[in-house]
Amino acid sequence: MLQIDHYHVAYGQSEVLHGLDFTVAPGEIVAIMGRNGMGKTTLMKSLMGIVPTSQGSAQVDGIDVTALKSFERVSRGIAYVPQGRMIFPTMTVQENIETGLTTSGSTKVPDGIYELFPVLLDMKSRRGGNLSGGQQQQLAIARALATNPKVLLLDEPTEGIQPSIIREMARVLKRIRDERGLSIIVSEQVLSFALDVADRILVLENGRLVHDEPRSSVDEAKVAGFLSV
Amino acid sequence: MFADYTWTELGSIFAMQGFAGLILFSVFVLMALGLAIIFGQMGVINMAHGEFMILGAYVTYLCSNFFQAFLPGLFSIYFFIAMALAFVAAGALGAFVEWALIRHLYKRPLDTLLATWGLSLIMQQAYRSIFGAREVGVTLPDWLLGSIALTDIIEIPINGLFVMALTLVIAVGVYFLMFKSRMGMQTRAVVQNRVMAGAVGINTEWVDRKTYALGCGIAGIAGSAFTMIGSTGPTAGQLYIVDTFLIVVFGGAASLLGTIASSFAISQAQSTMEFFLSGSMAKVLTLLTVVGILMLRPEGLFSHKIRR
């Protein structure tokens, strides 16, 4: 579903990602792990078209999106839940979700979204900025799902969220994958969450992929070694 | 200062000055609505806003002359056509300016002040070269002239009523466009978080251009209305730009309701005080009050109560 080849990303002269190659199959959940500053967020941003790619290509469903702007990538099937959620604070919950409908042109929030996140239905007239962190995270995922994506990118979704909600989120992400058959890429530092949710675990270190293993055979101690400071 | 007047006279003075204030209020609202969109929503300090207004006024002037010369039969309705043309002309110029100038400056909001100030000088000189330095006035159709006498001493001008009705229509229209329509939702999303708006599928550059053009177009309509209460000269816009910024800041930059409330407060205060004091004293008192209130409420009268 998503294919990344020789992927280089740089901020000006300083290169952050030094040639990544990986593919994500349809319906697969991939966790990208690594310590701070290893390039996880940069990878997410560049896949979304926020940071330009300096070399290599990214393809969604066989279509090259490397040269497209953010909003064009959304219509090719990429959706993004950024670090820090970045919901629109003065807009209501309902309006926040509706911004995701821009590419489809539909005017009604699909029923399935409120079914996944019933708490958002109760709060649909509240301003997004007044929700708690966990609710904002659900809102950001709902907004991304409204674009009807093929590939969902989540950048550190567990950051600042209480443990019970983290377990709930793993369940919801798997449910989304099962119901919609989309691919999910989640960047993470919390190993327990990654093991809980992912089918495959990649480790990013200093802008290179140093480890790639299916969940079933993963050696927890080895991955934990990559994450320790 | 009240001693020379009887009670009935005072009542009438307040009523008529109050009404004059309402007309000023209407023009302020029209001016400020455009600026509330451009400054309040987009964060662009548009010093050329007054010149976009004057463009609308000159378009109305040209229309008035054209209808007098070639279509005298339709002269009574020319004003509506002039307003539509003023909106289109100012909006089109706005879209061009956004493309050529403003879009390069979204990351440097303070620089928009200098750039648009330069633009305002260019536009003023262009008006001077094209229309001459002398002020021009438009001929109003008969049905807009005259006034309605409410009592022996209270008279209400008809063109004032027309400007007020127009303002109401435009204000309601802008409200629905910004808060009930898809375009308004996209605009607010882009304003609050440009990067994220792109990442949910909104074409941010296109939204910026439409929004800026809309703000300028509304200024053009304001200019059209302005021809009814004042004469049009190359620098007439300058007289209003400070008041307009004052209104938008005082009302709370992101709030349309605040913009309307603060236009009302400022125009009524000015107009009533101007009758009894000199114009500059009235201005000093208004400014002092606004400064005082802004010290207590730095975000203006109406601000959103949310976490950011």
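Quick reminder: no glycine exception, Cβ is built from N, Cα and C everywhere.
Per TrEMBL, the features are as follows:
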type     : residues  : note
TRANSMEM : B:20-40   : transmembrane segment
TRANSMEM : B:52-71   : transmembrane segment
TRANSMEM : B:77-101  : transmembrane segment
TRANSMEM : B:153-178 : transmembrane segment
TRANSMEM : B:212-233 : transmembrane segment
TRANSMEM : B:245-266 : transmembrane segment
TRANSMEM : B:275-296 : transmembrane segment
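Within its own chain, the transmembrane segment (B:212-233) has Cβ neighbours under 8 Å at 23-24, 26-27, 30-31, 33-35, 37-38, 42, 44, 46, 49-50, 52-61, 79, 82-83, 86-95, 97-98, 102, 133-138, 140, 144, 159-160, 162-163, 166-167, 170, 174, 177, counting only residues six or more beyond its boundaries.
With a cut-off of 8 Å between Cβ atoms, the residues of this chain six or more beyond the transmembrane segment (B:52-71) that come close are 31, 34, 46, 78-79, 81-83, 85-87, 89-90, 93-94, 123, 127, 131, 136-139, 216, 219-224, 226-227, 232-234, 236-237, 240. Taking residue pairs at least 6 apart in sequence, the transmembrane segment (B:275-296) and the transmembrane segment (B:153-178) share fewer than three C-beta contacts under 8 angstroms. In terms of C-beta pairs under 8 Å, the stretch of B:20-40, B:77-101, B:245-266 lying closest in packing to the transmembrane segment (B:275-296) is B:245-266.
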